[in-house]
Amino acid sequence: MIYTKLTKLLLILIFIYLYFKDSNSGSLVRRDFLIKRGIYYIIVWFVGITIDFVLPRLIPGSALASIIYSRIGGAGSNYGQNVQQEIQILVQQLGLAQYQQPLYIQYFNYLKEIVTLNFGVSLTEFPVSVSTIITEAAPWTFGIVIPAIVASFFIGNLLGRVAALSRGKISDYAILGLMMFLYTFPVFVTGEILIEVLAIDLHIFPTGGQYNTFQFLKPTMSLPFVWSVIYHAILPTLTLIIFSLAGWIMGMRNNMIPILQEDYMNYYRLMGVSEKMVASKAYRLALLPNFTGFSISLGYSVLGAVAIEYLFNYAGLGYFFNQAITGLDYPLLSGIFFMLVTAMVLSNFVADIIYTIIDPRTSQEETEGV
């Protein structure tokens, strides 16, 4: 599964980083820092997966009752006197018997599922396994999330740079006004506006879906199919870009303005360095914190994709996450939520690793503070 491969890759990178470090004091500080952060994120991850276990069971209604009712019908007319026997067979087939057990036994079974990465079969997509659904849905989600993150990162940082260099001028106020305008709209409202204007009114893009199902019965590797996928992904990706822009603009502006006022920047100016070179150096320094935020934004963008995929009927992780909630599909809900929690924790840990490599003072300051 995709998150298994990501976890293995991260562990390999961490091992290589720690193994090939020098044995000087600075390296030891970084290693101690990463160990402490690793323990912290393990605790956060454990709390997250515990919430993953608890939340579905707090949803009103009974998955067992609703699934059985939908399978055999309200009257059970097709089963006659054998309805109870059929219910028991259905319970065993769907793996619902475990939800009739005490909570502590359910929690123990859930931890075993985490270890084996086997969440059973989906109740709403029976008999398809949860692992199969996640494996097939994840590429669609990351297909819109990753381009959106990259595009919003570069566009937002460039706009933030312009705002910082023109502080107090018309362009600064215009960019800040744009940022505040974008920030006030929830992601689903932005998506609704884009659908209404670009899809329904102007007929430029489709209203939803992953590809043209009238032209293609199933995915292929042909160029027309690839273009259809890209064409259908433009609006969801654009929605996520707009949703993410404000944070990058404000982050770059707030990072860059203090740097431009530092004494060493004034020293460069006194030495005759052009303002363009000063701005370029300040921009590179201001990018450092945003690089760590780049990896963190991956996890948050996947969460943002939950609403976007539901809105655009885009069958990624977010779409099935909504399906699992409305259908009381505990196994599917747990599997997707587990992946989201793991992605969030890993992205934050990767951000810490990147930042300690870029700026070793971070690990030293935190270690000394402890």
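Residue positions begin at 1 at the first shown residue.
Using N, Cα and C of the backbone, Cβ positions are placed for all residues, glycine too.
The annotation domain 'ABC transmembrane type-1' is assigned in TrEMBL to 138-351.
Annotation comment: TrEMBL describes 40-59 (among others) as transmembrane segment.
Outside the transmembrane segment (137-159) by six or more residues, the chain places 2-3, 175, 178-179, 210, 229, 233, 236-238, 240-241, 244-249, 251-252, 287, 290, 294, 297-298, 301-302, 305, 308-309, 314-320, 339 with a CB less than 8 A from a CB of the stretch. Annotation source TrEMBL lists transmembrane segment at 137-159 (among others).
Panel annotation: around the transmembrane segment (180-205), residues 231-232, 234-236, 238-240, 242-243, 245-246, 304, 307-308, 311-312 of the same chain, lying at least six beyond its termini, place a Cβ under 8 Å from a Cβ of the stretch. According to TrEMBL, the transmembrane segment annotation covers 180-205 (among others).
TrEMBL lists 225-249 (among others) with the feature transmembrane segment.
Counting same-chain residues at least six beyond the ends of the transmembrane segment (285-312), those with a Cβ under 8 angstroms from any Cβ of the stretch are 140-141, 144-146, 148-149, 153, 157, 161, 164, 186-188, 191-192, 195, 207-209, 235-236, 239-240, 243-244, 247-248, 251-252, 255-256, 259, 318-319, 321-322, 340, 343-348, 350-352, 354-355, 358-359. The transmembrane segment feature in TrEMBL is assigned to 285-312 (among others).
Marked as transmembrane segment by TrEMBL: 332-355 (among others).
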